[in-house]
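See below for the structure under consideration.
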Amino acid sequence: MKEKEEKEEKKKEVEEKEEEEEEEEQEKEEEEEEEMEEKEEEEMEEEEEEEEMEEEKKKEVEEKEEEEKMMMKEKKSYSEGERRPLMLPACGHTFCHLCLATLVARNSEEGSFQCPTCRHLQSLRDLNALPVNYSLLEVVARRQRRGASHIHPNTHNGSQDQHQDSVGSVRIRATRLVKQLSNASEDNTNSVTTALVNLAEQLRQRRRLHHLLQESRTVRAAARASTTLTASTAAATAIADIQHRFQDAHITTDTRVWVGGPGAPASPIDMITPTPNTPTYIYSPTTPTHTHIFTYQPTHIFIFNLPPHQHPHTNTYLPHHPHPHLPHPPLPHLPPHPHPLPSPTTPPTPTHTYSPPTTPHSHLYSFHTSTPHTAIQQQHNIFISEYFKHTFL
């Protein structure tokens, strides 16, 4: 049974394959027939086009023949038939027989007509009775005898030469115009590129300056709120860092920002050799009168060495450097000071001269105190904080 089934399956497969092959052959035949039909149609179209072309050529040939016939008619002698030159008796102008016959036919009712050249009235009469202009006939006959080599040059050749010259000159002018406009476009492109580069650099400087201004306002707020030496020192460090970054930003300006303390013109800046650039003082409602912008960048180091003070209760001098592991004594209640402190707007007398910087931030203000956080030292710290507020805000 299995063998029979296998044989039947094989037969079915063979039959299916044969059917598929037959279908493929039929499809191929159909495709070939379609291709043949398309080719025949194309050939028919080509034949029709050729016939149309031949018809057009025939028409062109016929038209040319007709034109040649017309030309031959025109080339006939004026002495023949309707081309005979006739003279008008009233004015003497000459016209061909055909033209005069047309004029007479148009004005037959009026009994007269006007000369087409001078508008002189001519009476109607038999055209055959009009005299013939034999002089014109002799000129035409003489010209025909001389031949084409003796014919006067045609003015059309001269106009053709002038046309060619004008075309050549226009081409040259157009080429020059394109070159000049190309050069102008290149110059304009270069100028625009330069302007864009400059604008981009100015925008970069503007953004950098805006960031520095925002940071300076933040430092101003922090300095106003500072009450300790650490906060004041941090504010001073930030101010110096902003000034240093302003220099590194290479902002295009004739001024250099330097924020001095109260009485800045009397600071060690006076020890610098004067230059033609004089300081420019800028005052505004938000700028203290002791804040200046100079055209040079000085660097100072002010070191305020505060002397040790005697403890108000124990009458003993505190050590300069307390032990790092010992806790600081608690701050006692501040008694009234026997001597008033100096004004915060007056800076303490510096005990050290300024020196050139050795690091990028060596111009920062540094304070070396010799006493710990005692009552007297706290008063000095308050004084220093007030000094920084009035100096940098």
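Backbone N, Cα and C atoms are what each Cβ position is placed from, and that goes for glycine too.
Taken from TrEMBL, the feature region 'Disordered' applies to 1-80 (among others).
Under the heading compositional bias 'Basic and acidic residues', TrEMBL lists 1-15 (among others).
For 16-54, the entry in TrEMBL reads compositional bias 'Acidic residues'.
Feature annotation from TrEMBL assigns compositional bias 'Basic and acidic residues' to 55-80 (among others).
Annotation source TrEMBL lists domain 'RING-type' at 91-119. DSSP assignment over the domain 'RING-type' (91-119) gives 10 helix, 6 strand, 13 coil.
Summarising the annotation, TrEMBL assigns region 'Disordered' to 313-367 (among others).
Taken from TrEMBL, the feature compositional bias 'Pro residues' covers 327-350.
Positions annotated as compositional bias 'Low complexity' by TrEMBL: 351-364.
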Looking only at the domain 'RING-type' (91-119), report the model's average pLDDT.
81
Per-state residue totals over the region 'Disordered' (1-80) - DSSP helix, strand, coil:
73 helix, 0 strand, 7 coil
